[in-house]
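Here's what TrEMBL has on this protein:
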type     : residues  : note
DOMAIN   : B:222-417 : domain 'ABC transmembrane type-1'
TRANSMEM : B:41-63   : transmembrane segment
TRANSMEM : B:107-128 : transmembrane segment
TRANSMEM : B:135-151 : transmembrane segment
TRANSMEM : B:157-175 : transmembrane segment
TRANSMEM : B:182-201 : transmembrane segment
TRANSMEM : B:221-245 : transmembrane segment
TRANSMEM : B:257-281 : transmembrane segment
TRANSMEM : B:293-313 : transmembrane segment
TRANSMEM : B:393-413 : transmembrane segment
Amino acid sequence: MKRTVFLGTLTVAGLAAGASAAATLDDVKARGKLNCGVTTGLVGFAAPDANGVWEGFDVAVCRAVAAAVLGDASAVEFVPTTGKTRFTALASGEIDMLARNTTWTFSRDTDLKFDFVGVNYYDGQGFLVPKSLGVSSAKELDGATVCIQTGTTTELNLADFFRANNISYEPVPIETNAEGQQQYLAGACDTYTTDASGLASTRAAFENPGDHVILPEIISKEPLGPLVRHGDNDWGDIVRWTLNALISAEELGVTSANVAELGSAPGGNPEINRLLGTEGDLGAMVGLDNDWAKRAIAAVGNYGEVFEKNIGEKTPIGLARGLNAQWTDGGILYSPPFR
Amino acid sequence: MSREQLSFVRSHMLPEAPPPTAETGAIKWLRENLFSSPANTLLTLVSAYVIFKIVMGAAPWFINGIWDSPSLTACREILGGKVGGCFAVLTERWNQLLFGFKYPPELYWRPTLAFVLLFVAVAPVLFIKYLPRKLLVFTGLYPFIAFWLIWGGPIATPVFALLGVLVGIFVYFRLLRTSAGVAVIAGFLAALVFWILSGYLKAPFDGFLAMEAVASRDMGGFMINLMLGVVCVSLSLPIGILLALGRQSSMPIIKWICVVFIEFIRGVPLITLLFVANVVLAYFLPPGTNFDLILRVIIMITMFSSAYIAEVIRGGLAALPRGQYEAADSLGLDYAQSMQLIILPQALKISIPGIVNVAVGLFKDTTLVSVISMFDIVGMIRGPILASPEWNGVYWEVFGFACVLFFITCYGISQYSQWLERQLQTDHR
């Protein structure tokens with residue numbers, strides 16, 4: 001997620017993005033397939049199942065865009081990228097968009113010449129501790145040994161947090177999440193820290209998840225979202241508003257089950273009408289037809305449905321909505337109006 | 001007393017007595033090898049204890065292993081707190097581990113057949129003394145058959161590639177009389193021209209005997225490791241020989257090209273070359289060009305290993321006494337003949353352990369492609385399998401399985417090379 005992007009930065013900065021900038025939409029339509037960059041595998045966010053079909057929270061964004069643009073949620077070529085290859089793949093034009101739980105940061109948005117189109121998951125760094133440690137707050141972790149992935153922003157956040165609270169810790173450097181799980185279970189460290197979503201899925205894979213708790217403190221902001229290249233704002237608009245359509249659909253109560261009915265004729269709520277194209281012509285403004293949002297919602301469901309299906313409380317990962325609830329429900333998910 | 005009774009010389013042989021029990025069979029072996037001195041006895045007891053602990057620790061894990069379960073959680077429920085491996089991940093994801101997650105399941109027979117034919121094709125090379133030479137024809141055809149089986153597409157592609165090679169060989173032999181160097185270059189050019197021309201000729205045959213095509217990015221699993229290993233080893237051996245000879249050449253340009261190539265490639269980590277193949281090349285190629293990723297990786301790994309093999313063979317060449325070179329010259333052999341008949345057979349024999357070392361290392365290095373998001377067996381495990389909600393948390397079983405596959409292959413290669421060394425042993429040490 002936040003692996004050092006040294007190589008990507010170097011290549012991107014060294015060689016200005018030479019790929020053709022404009023008219024990604026035309027390229028995608030001509031190709032008949034959306035090239036979407038995803039991770040090589042992260043529980044709940046993107047992974048192929050036993051039949052080789054990609055599934056997950058980030059995958060749903062790709063499918064929604066494909067449904068909106070091409071009318072077919074399966075017309076996606078998933079290009080698996082690692083933390084090191086993701087930015088070059090996007091900059092070189094190998095992929096049209098990247099939905100790979102990438103943290104939106106200043107330098108990535110500006111220096112690497114990308115546009116983050118929004119946030120589909122608000123994450124933050126947390127702490128996982130065994131219940132037997134008897135700790136209920138991260139501030140009680142004075143003198144603890146902490147398993148931490150080296151070369152990531154989590155390492156820096158950790159140092160900041162402990163310094164700000166004037167307590168000490170001893171880092172146990174690890175390389176990957178898998179190694180972190182093993183070290184933590186083997187008792188090499190008192191607590192393991194990484195993104196809260198990662199902690200939740202790690203904990204879910206334990207033999208006795210009930211013996212471990214995630215502490216309430218979230219010590220960093222990790223807004224994860226899809227991104228596109230600089231230079232083609234039309235294409236960026238399409239991806240941005242497809243994501244917003246999924247979020248608005250949940251707010252307005254449009255689901256994959258009732259979208260066909262609501263979209264067949266103009267109803268009582270003018271915003272739903274505009275969203276589903278029964279009133280006005282928002283689709284034409286982004287270069288698509290008026291059914292674009294209807295297709296996206298029908299294909300993957302609204303934001304809430306995507307969340308529940310892939311990472312929600314009924315799945316093994318079991319993430320609560322938390323910050324990712326709609327603003328009307330106490331979260332910070334807030335789509336600009338469709339008008 | 002009679003005379004006989006007085007005799008003190010035994011008049012008949014005693015029957016042979018069995019040796020004392022302490023000096024026979026297993027007991028003797030134990031006494032001599034395991035309990036020969038107090039220190040040795042102590043070591044034996046400690047080792048036996050350690051082995052016992054390891055076996056007792058590992059045995060339940062294997063014996064209680066679950067082979068049939070839809071997910072890790074279900075596995076743990078079946079085990080109910082007992083220690084046991086969850087090998088069900090191997091049975092459920094078997095095909096993914098071997099072929100990757102995108103290779104069409106109904107076509108699995110094609111790479112499998114290519115794999116079986118691989119043994120038929122390499123046998124005549126490996127056991128050249130024991131099998132008829134005619135079988136080498138199949139070895140020559142195998143790359144084209146395997147390409148067609150694994151990638152599919154119209155049969156015209158491999159057929160025209162084969163014809164191009166044949167044209168090149170034909171030109172080479174026609175010009176061999178005039179000059180070997182010219183013949184090599186002309187043969188190469190002829191093949192190239194033929195391939196370019198065949199691009200236009202091929203279209204009408206596209207539908208003919210066409211199998212369903214599979215794109216490179218759809219390949220994965222152990223299949224990729226095997227493909228990369230086999231192709232790169234078999235390509236880098238001849239290239240390595242040429243580089244080693246070139247490095248010893250008296251022609252300065254050839255010599256310096258070889259030296260620079262070898263030193264540059266050896267000075268760069270393989271993973272850097274792989275990153276170049278994956279990401280940096282995309283900037284240099286015109287936008288929209290789709291230069292096959294597997295081909296790029298094959299080129300990089302081949303370059304890497306041929307530089308190493310060249311150095312190993314140079315060691316073999318240097319180990320030959322000068323007298324061998326002079327003997328070849330005094331027989332009136334030209335350069336090509338003396339190399340073919342006198343020098344290389346001896347130099348290669350000396351280099352066998354080194355070459356096998358490079359080959360085994362190269363085969364294991366193919367797992368590095370997982371860092372450039374190719375789904376070889378390690379990529380499959382780290383990516384799709386460990387990231388699936390069902391199998392997140394399974395480590396020992398899957399990585400152990402990968403170890404077993406690699407061990408079988410590498411141990412096989414090393415056993416073969418030891419056998420070959422014994423076969424070629426001509427001295428009387």
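Glycine is treated like the rest: Cβ placed from N, Cα and C.
When the stretches B:157-175, B:182-201, B:221-245, B:257-281, B:293-313 are ranked by Cβ pairs under 8 Å to the transmembrane segment (B:393-413), first place goes to B:221-245.
Here the listed stretches are B:41-63, B:135-151, B:157-175, B:221-245, and the one with the most C-beta pairs under 8 angstroms to the transmembrane segment (B:293-313) is B:221-245. Outside the transmembrane segment (B:41-63) by six or more residues, the chain places 34-35, 82-85 with a CB less than 8 A from a CB of the stretch.
Remote same-chain residues near the transmembrane segment (B:135-151) are listed as 110-111, 113-114, 117-118, 120-125, 157-159, 161-162, 211, 213-214, 216, 219, 223, 227 (criterion: CB distance under 8 Å, separation of at least six residues from the stretch ends).
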